[in-house]
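Novice: Quick one: this structure, given as structure tokens, is what I'll be asking you about.
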Amino acid sequence: MAERKVLSKYYPPDFDPNAITRKKPSGDRRAKPQPVRLMTPFSMKCAHCGEFIPKGRKFNASKEITDEHYMKVKIIRFHIHCSRCRGEITFKTDPKNKDYECERGAKRNFEVWRDPANERYHETEEQTLDRLEQEQLELEEKVEKDKMADLEEKMLDSKREMQIADALDEIRTRNARIERNEARGEDAALATVAQKKLDEAAAAEAAKQAWIEEGVEEARRNFNDIQRRHREEELDKALKQAEEEEKAAKAEQLKAWDKKSVLADLAARRAKRGEDRAKLLGLKKR
Ligand SMILES: [Zn+2]
């Protein structure tokens, strides 16, 4: 182990690194399967004895590199032996589907996500996102609905409680009254009943009186209305008559004025014009 501590190694002066060639692997690796330890990549059923082999069971297998390729990726085959009947089972890698392929000696178990008819497991990324979003929305809606339902339930509960409390109060007061009356004796109870009846009669009488008064009041109001309307109509009539009379008087006055006034006006204008002309000419009256 002492040589591992040496930091620099001696290279002879005639050392040529290009002269070094790569070592060939000893033997033909392809021809000889290698023993490996593996876990089954899928669950299967042995075709020889019907034993179920679950996914992830450990096996001593032999690994064989085949001549097949997928996009320059070598396909590898594994051989295992059934743990019950020692029958040989082989499966190989499937790089195309990013999976393994069962080859001989066993049957791969049905897996729902590998079923091509199942749309759920063959959707695009966008479809998955859409579906998840939809599910989230539905969940939120449901939660919101539940909240509302809870609130309504609480409100109903409180209402019911209040009603119960009211009813209880009423029963208590009634019981107290009965007890009081019982303590006072039968006469007092009878008196209470009589008083109650009297009170009821008084209330009925008061209601009747109020109703009658209301009727009287309404009749009075109607009468006042009618009277007012009548007065207004009379006033209108008088106004119209006065207007007509005035019109007639004016027309007569105009007729009377017609001839007299026109003639007088003309004469006055002529006289004025004569005066003006005399002024312009510089004549003076003597
Ligand atoms: Zn078996």
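Our numbering is plain: 1 for the first residue shown, then up by one each step along the chain.
Cβ from N, Cα, C; glycine included.
All TrEMBL annotations are machine predictions without curation.
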Novice: What range among 1-34, 205-238 does TrEMBL record as region 'Disordered'?
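Specialist: Residues 1-34 are the ones TrEMBL records as region 'Disordered'.
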Novice: What are the sequence-distant neighbours of CYS46 (Zn(2+) binding site), meaning same chain, six or more residues apart, C-beta distance under 8 angstroms?
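Specialist: For CYS46 (Zn(2+) binding site), the qualifying residues are PHE52, ILE53, CYS82, ARG84, CYS85, GLY87, ILE89, GLY105, ALA106.
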